[in-house]
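What follows is a set of notes on a single structure, which appears directly below.
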Amino acid sequence: MKRLIPVLKQDGVSIDLIMLIRTVLAASKEISFRVSQGALAGVLGSTLDENIQGEVQKKLDVLANQLIKDMLLADDSVRAIASEEEDHVVGGNPQGQYIVAFDPLDGSSNIDINGQIGTIFTIYKARDDVPHDSDLQFSQKGADQLCAGYVLYGASTLLVMSTGGPTRCFTLDQTHGGYLLTQQTMRVPEKRNEFAANMANYRYWNDANRQFFADVTHQDEKYDKSSMRWNAAMVGDVHRVLSRGGVFIYPGDKRAGVENGKIRLLYEANPLAMLVENAGGLALSNGQSILQIAPTSLHQRVPIAMGSKLNVELYTAATT
Ligand SMILES: O=P(O)(O)OC[C@H]1O[C@](O)(COP(=O)(O)O)[C@@H](O)[C@@H]1O
Ligand SMILES: [Mg+2]
Ligand SMILES: [Mg+2]
């Protein structure tokens, strides 16, 4: 099995970018180890703090954020970072050529139940036209991502990543501590009636979304043999979609603060959209390509539907 770096070199990725990806992955290996140790490593439970989005921070949210942040800020190629757990952009080396955004721990509510969790990351070229530590560094479209990936801390630790070409899957070999290529090219099937949505939000959805999910659950012939899957961790749900098709949907709803759904554009929607589209799937927000959205703020949320092309199109036709 091929190791990560030769694969990246073969894909034509520059040495500088490869070195930065290595930094992100070094942090992921440390997180993977702590996750596998669970209560033994003291990583379960909550802190007394909230992040800027009013969510209670879990100990592992804080730990994962600190590990990734420290490693990235020690890397000279990093001009700035943005994280779900940081209110604002944190400046790095003003001469660094890259910026990195990440969700250090996605699926925080799964930490304490030994469920699927992951780290999502994205890398862009730094902007020379704005200060190095400005939020505006990250005011770039998802289509400009140089690299997008996630590490899924599941039964095995997987890395799913694209550097502009195909979406590839690597498995962390715990015996030597490196990621090995285990799926050369991931392909999202064109259609699969497997839906991931938080159905408990039905009461908050608009009529179009209610009607769509009523059709799905009442087996309208278009959604023959449909089934529901919900991990409460987008990274796990999107991994299933990438592996065998289906669709992940998080619409906006009537709750204050959830008008645009819960998924953050910069470090959740954009990287996962790039991975899904580079595997032949589709990722839309109210009918618009997620990757073409011009960001308006760092922690901006967007309604999303991503996965098998036909399923995303059917959903979009019914709700926009
Ligand atoms: O179950 P809910 O509250 O509707 O929301 C679940 C969604 O929120 C998220 O957990 C947000 O991620 P964090 O755990 O990083 O805050 C998504 O991964 C997930 O799909
Ligand atoms: Mg998240
Ligand atoms: Mg998170």
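A Cβ is built for glycine as well, from the same backbone N, Cα and C atoms used for every other residue.
Among the features that TrEMBL reports, Mg(2+) 1 binding site is placed at Glu84, Asp103, Leu105. Annotation note: Glu84 (Mg(2+) 1 binding site) sits in a coil segment as assigned by DSSP.
The Mg(2+) 2 binding site feature in TrEMBL is assigned to Asp103, Asp106, Glu268. For Asp106 (Mg(2+) 2 binding site), the Cβ neighbour count at a 10 Å cut-off comes to 29, with all displayed protein chains included. Secondary structure from DSSP puts Asp106 (Mg(2+) 2 binding site) in a beta strand.
Neighbour count (other Cβ atoms within 10 Å of the Cβ, all protein chains): 22 for Ser108 (substrate binding site). Annotation comment: TrEMBL describes Asp106, Gly107, Ser108, Ser109, Asn198, Lys262 as substrate binding site.
What TrEMBL lists as domain 'Fructose-1-6-bisphosphatase class I N-terminal' is 16-183. For the domain 'Fructose-1-6-bisphosphatase class I N-terminal' (16-183), the model gives a mean pLDDT of 95.
The domain 'Fructose-1-6-bisphosphatase class 1 C-terminal' annotation in TrEMBL covers 188-317.
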Original post:
Could you give the maximum C-alpha to C-alpha distance in Å for the residues Asp106, Gly107, Ser108, Ser109, Asn198, Lys262 that bind substrate per the record?
Top reply: 16
Subject >> For the Mg(2+) 2 site built from Asp103, Asp106, Glu268, further residues of that chain with CB within 8 A of the site's CB center >> reply: Glu84, Phe102, Leu105, Gly107, Gly118, Thr119, Ile120, Tyr150, Met234, Val235, Ile263, Arg264, Tyr267
Subject >> Neighbour-count leader, CB within 10 A, binding-site residues: Glu84, Asp103, Glu268 >> reply: Asp103
**OP:** Looking only at C-alpha atoms, tell me how far Asn198 (substrate binding site) is from Asp106 (Mg(2+) 2 binding site), rounded to the nearest Å.
**Re:** 16
Subject >> Spatial separation of Glu84 (Mg(2+) 1 binding site) from Ser108 (substrate binding site) - C-alpha basis, Å >> reply: 12
